[in-house]
Amino acid sequence: MTASAPRRPAAFLDRDGVINYNDHYVGTRERLRWMPGIAAAIRQLNAAGYYVFIITNQSGVARGMFSEDDVRALHRWMLDELNTQGARIDDVRFCPHHVEGTLDAYRVACEHRKPGPGMILDLAKTWPVDMTRSFVIGDSASDVEAAKAAGIPGFRFEGEDIDVFVKQVLIEMQRAAVSN
């Protein structure tokens, strides 16, 4: 991304519990079950002019369940699958660390691990993001806390229809923009 590109808002989406079901330690496509309506939700964000990013804690790496390469391969496949449905993900960040990991190299506290804002802030530095109009959607308190730590709103998705949920978030963000 070039620094001269116009700033756009971003939707930072948690992976497990928003993009796909949270089936714990999903490291391969064989274990991934898409959240119904996710492609439509992402297309909605694309049409509204948002960058769409995935931010995800992947402690399965720290626990030796799968490798960083496995996670990257899964993410490439996910982005390709979504793209065939006209749903574009612009970038992905994941944190493989966990203080209780079984692999020494990954047993560390890391600002990128949610609730830390590291993944959000890294993407905002890499892409021309308008943080004043950006938000996070996640399924846990740590996702909302990461949003707050990054200075943006966080919305907690609890398994309803993700397409309808995204529509409601976009309406709320538009209302907030008008009232400011």
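Cβ coordinates come from backbone N, Cα and C, glycine included.
Annotation source Swiss-Prot lists active site, nucleophile at ASP14. Sequence annotations record features per position, and here Swiss-Prot assigns active site, proton donor to ASP16. Taken from Swiss-Prot, the feature Mg(2+) binding site covers ASP14, ASP16, ASP139. The substrate binding site annotation in Swiss-Prot covers ASP14, ARG15, ASP16, ASN22, ASP23, HIS24, TYR25, THR56, ASN57, GLN58, SER59, ARG113, LYS114. Annotation source Swiss-Prot lists Zn(2+) binding site at CYS95, HIS97, CYS110, HIS112, citing similarity to another entry. According to Swiss-Prot, the feature site 'Stabilizes the phosphoryl group' maps to THR56, LYS114, an assignment based on similarity to another entry. Taken from Swiss-Prot, the feature site 'Contributes to substrate recognition' covers ARG113, and the record attributes it to similarity to another entry.
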Of all the recorded positions given, namely ASP14, ASP16, HIS97, CYS110, which is spatially nearest to ASP23 (substrate binding site) at the Cα level? ASP16
Out of the recorded positions THR56, ARG113, ASP139, give me the one sitting nearest to TYR25 (substrate binding site) by CA distance. THR56
Looking at the recorded positions ASP14, CYS110, HIS112, LYS114, which has the shortest Cα distance to THR56 (site 'Stabilizes the phosphoryl group')? ASP14
Just jot down the residues in the same chain as HIS112 (Zn(2+) binding site), at least 6 apart in sequence, with C-beta under 8 A of its C-beta; none if empty. ARG93, CYS95, HIS97, GLY118, MET119, ASP122
Using C-alpha atoms, which one of the recorded positions ASP14, ARG113, ASP139 comes nearest to SER59 (substrate binding site)? ARG113
Close recorded positions near ASP16 (active site, proton donor), where close means Cα within 10 Å, chosen from ASN57, CYS110, ARG113, LYS114, ASP139: ASN57, ASP139
Spatial hits near ASN57 (substrate binding site) (Cα distance within 10 Å) out of the recorded positions ASP14, ARG113, ASP139 come to ASP14, ARG113
Spatial neighbours, same chain, of ASP14 (active site, nucleophile) - Cβ under 8 Å, 6+ residues apart: ILE54, ILE55, THR56, LYS114, VAL136, ILE137, GLY138, ASP139, SER140, ASP143
To see if you understand the setup: which same-chain residues, six or more apart in sequence, place their Cβ under 8 Å from that of ARG113 (site 'Contributes to substrate recognition')? ASN57, SER59, CYS95, HIS97, HIS98
List of residues, in chain order, with Cβ under 8 A from that of CYS110 (Zn(2+) binding site) and at least 6 apart: CYS95, HIS97, GLY116, GLY118
